[in-house]
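For reference, the structure is listed below as structure tokens.
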């Protein structure tokens, strides 16, 4: 449960909540107890239970009410690649997926290494109003791995940047990474590392294993990730600042994270739905929709990641939502760009993998998709308990809604989902952002 007394740095200026009331009826809070009503007034939960008159009403139809989800890792491609995604289409995809806040990575064109770029993204997200879009600043200027971005200016900007990452590239120079951790410590911002020693992955396009060897694909070894994870864990230990590992993908990374946490090192990690559920067996078709960075690994890696998420060794689920146009995916596997869509399938995958199988309950879903991401990013107002006086950032899930994934039906501009044609047994039906309904009956609402 989130500590109500924790004080986090403020965000950029938020769009005002609706000055009216909303009644969410017939929902199971955290999937527990009997169906109840939740009354929202001026963007805040005013009452749980009872009968209330309201300006607007949502019939939850016995669905599960959870805190709105927070995604620490998305690529909304704006500015620079609006042909594949925009803040508007990405926000709509987020709303459909139950997300009330996302963190969009810095590998844009131009790179998100200046306050004016971050502020533009923040303000545009607030004007669209479907999801809080938090810009992630780059660790180094131009993602070149040499000179640090001005963390202080970014953190003090109107976007209030609180996370920095060169995601897509690794900060592989240890001196640069050391300076980044030391600089970040003074202003309590988070450093998120894309763990990849590029000297070990040059020219690689698939997990280094039997399948890649048989198919003639250059292999991407586990050690390329694990060597950076252990280095950065030791740096976090010695220099005392938090470090977050993006998209953990190997069994060895899990072991290293477990060791680091046992030593009290301030390290956190995320895992994607695709690394939890897909393996390199999908390489057989040479379909580039399965190309991703880091690559899909083996079944033993996926199993280790599941166990690590269950026991808290891995803290959160993050989608690494990465839209690409068909020209970047419908080509030779080696030449295709890595990345997969994730915002509109994440909840369904986590429910089918953990809740439907009896491995976890709905509180677990709230923890890994809402509470912990908000805690790690020091994000006020998100990941909060469903309780009176808390912001009404909420998602309703129909746990019995069977649906089939189709990229053509997604709100995202792109269609590169590896789950095309897969049937799921749960779906987000409604999303509420500070009392504003951003998704209704599975449809993103116009701003």
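Every residue gets a Cβ built from N, Cα and C, even glycine.
Marked as active site by Swiss-Prot on the basis of sequence analysis: 320. For 73, 75, 167, 320, the entry in Swiss-Prot reads Zn(2+) 1 binding site. Here Swiss-Prot flags 75, 76, 77, 107, 293, 324, 338, 339 as substrate binding site. If you look up Swiss-Prot, you'll see 167, 194, 247 marked as Zn(2+) 2 binding site.
Projection of Swiss-Prot feature records onto the structure.
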residue: 73; record: Zn(2+) 1 binding site; contacts (Cβ under 8 Å, 6+ apart): 103, 105, 167, 192, 246, 247, 270, 272, 318, 319, 320, 321
residue: 75; record: Zn(2+) 1 binding site; contacts (Cβ under 8 Å, 6+ apart): 85, 104, 105, 107, 320, 321, 322, 323, 339
residue: 77; record: substrate binding site; contacts (Cβ under 8 Å, 6+ apart): 84, 85, 86, 90, 108, 323
residue: 194; record: Zn(2+) 2 binding site; contacts (Cβ under 8 Å, 6+ apart): 165, 166, 167, 168, 169, 170, 171, 246, 247
residue: 293; record: substrate binding site; contacts (Cβ under 8 Å, 6+ apart): 168, 196, 338, 339
residue: 324; record: substrate binding site; contacts (Cβ under 8 Å, 6+ apart): 84, 337, 339, 414, 416
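Each of the binding-site residues 338, 339 was assessed for Cβ neighbours inside 10 Å, and the highest tally belongs to 339. Residue 247 (Zn(2+) 2 binding site) counts 23 other C-beta atoms within 10 Å of its own C-beta, drawing on all protein chains shown.
Around residue 76 (substrate binding site), the C-beta neighbours below 8 angstroms that are at least 6 residues distant in the chain are 85, 86, 87, 90, 91, 102, 104, 121, 133, 321. Using a 10 Å radius centred on the Cβ of residue 167 (Zn(2+) 1 binding site) and all shown protein chains, the other Cβ atoms total 24. Sitting within 8 Å of the Cβ centre of 73, 75, 167, 320, and not among those site residues for Zn(2+) 1, are the Cβ atoms of 74, 105, 168, 246, 247, 318, 319, 321, 322. Following the DSSP three-state reduction, the secondary structure of residue 73 (Zn(2+) 1 binding site) is strand. Just so you know, the Cβ of residue 107 (substrate binding site) picks up 21 other Cβ atoms within 10 Å once every protein chain is counted.
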